[in-house]
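Report on the following structure.
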Amino acid sequence: MLRKFSRSGHYLQILLILAVSFLYLFSPHPGFEVQAFSENAAPLGRWLTGILPENDMAIRIASLTLILMNAAGFNMILNHHDLTPRQSLFTTLIASVFFLFTGQAVAIIAPLTALLLLLFSLHSAMKLYAESYPYTLVLNASICVAIASMIYPLAILFAFFIWMAFFTLRVSSWREWVISLTGLTVPYIYLAFWFFWNDRLNIALNEYQAYLNGFNITWGKPGLLETGALFLLGVMLIISLPVFLNDAGEKIISIRKKMWINAQFLWISLTVMLLSGKVALLFIPFCFLPMALMFGYLVTKGRRSWPYDVIFSLFLLVVILLRLGF
């Protein structure tokens, strides 16, 4: 089934994506026990949460728009770097199904906004390959990570993703490291100046201090269906990641390195999610995009697709039951 969808025309894939979007928009959200993202947000994240409209449908439409922007944007990045077929939206389709397993729309808008910024960082990192003067790309990637960390502080860990890309792409000049540190620092200088200009610098410092003092890695206990969905996601990751990385060694060097960069993005995403403690499930969307790439690759390259159809169908069934309140 999935293999047929991957080889179908993009019109059918668009129809399936619209069907998934309809399901997201008009079905209740999963009842994750912990939704208090605002307590874990940085200043920009608190601001985003504060400007949301009170209408529930408007919030759902906004979150769906961000989901489609992330999924379609990731697919465009993969097409640009020749990691997926040009006329295929199969990765977008898989990612949109994964995104059904998200929390309340009001709680995930800020994380999805941060993810959109991190996609720009991913795109810039992959463009570093064979670039003679990568200074602008390094600066852009670092600035995007810094702004994302103003929404959620732990997103600053994606700086390690950029530095891992330096090693993967053999960027050995000291200038790139200095530029990266500059890109991570400058947005915070502007933010501090803005708080100082508005006589709120002490308030901002107290908020960051309160976040650090309250930081812990205590995870909430998921429900039965949530546990089932997480288990199936883990199975899909375990069976697709080794195949993805093993086949990377058979590709030309440019494709191989970009495949590894996507794997590194996934590793940092998992780290951020696990370190998020009670709100970890709100940041599982960070993992969905590279997982969609890897699982889609497994489906299209594997000899038999029916085991993957079964796992994916079970995941979809569990998520639908979760969204319907079972």
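Glycine is no exception: its Cβ is also placed from the backbone N, Cα and C atoms.
Over in TrEMBL, the protein carries these features:
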type	residues	note
TRANSMEM	57-78	transmembrane segment
TRANSMEM	90-119	transmembrane segment
TRANSMEM	139-166	transmembrane segment
TRANSMEM	178-197	transmembrane segment
TRANSMEM	228-245	transmembrane segment
TRANSMEM	266-299	transmembrane segment
TRANSMEM	305-324	transmembrane segment
Subject >> Listed stretch, out of 178-197, 266-299, 305-324, that has the most CB pairs under 8 angstroms to the transmembrane segment (57-78) >> reply: 266-299
**OP:** Might you confirm whether the transmembrane segment (139-166) is in contact with the transmembrane segment (266-299), defined here as three or more C-beta pairs under 8 A between residues 6 or more apart in sequence?
**Re:** yes
Original post:
Okay, the transmembrane segment (178-197) and the transmembrane segment (90-119): do they have at least three CB pairs under 8 Å, pairs separated by 6 or more?
Top reply: no
Original post:
Among 139-166, 178-197, 228-245, which stretch has the most Cβ pairs under 8 Å to the transmembrane segment (305-324)?
Top reply: 228-245
Subject >> Contacting positions for the transmembrane segment (139-166) when only residues 6+ beyond its ends and CB under 8 Å are counted >> reply: 40-45, 48, 110-111, 113-115, 117-118, 120-122, 124-126, 128, 176-177, 179-188, 191, 208, 211, 261, 264-265, 268, 271-272, 275-276, 283
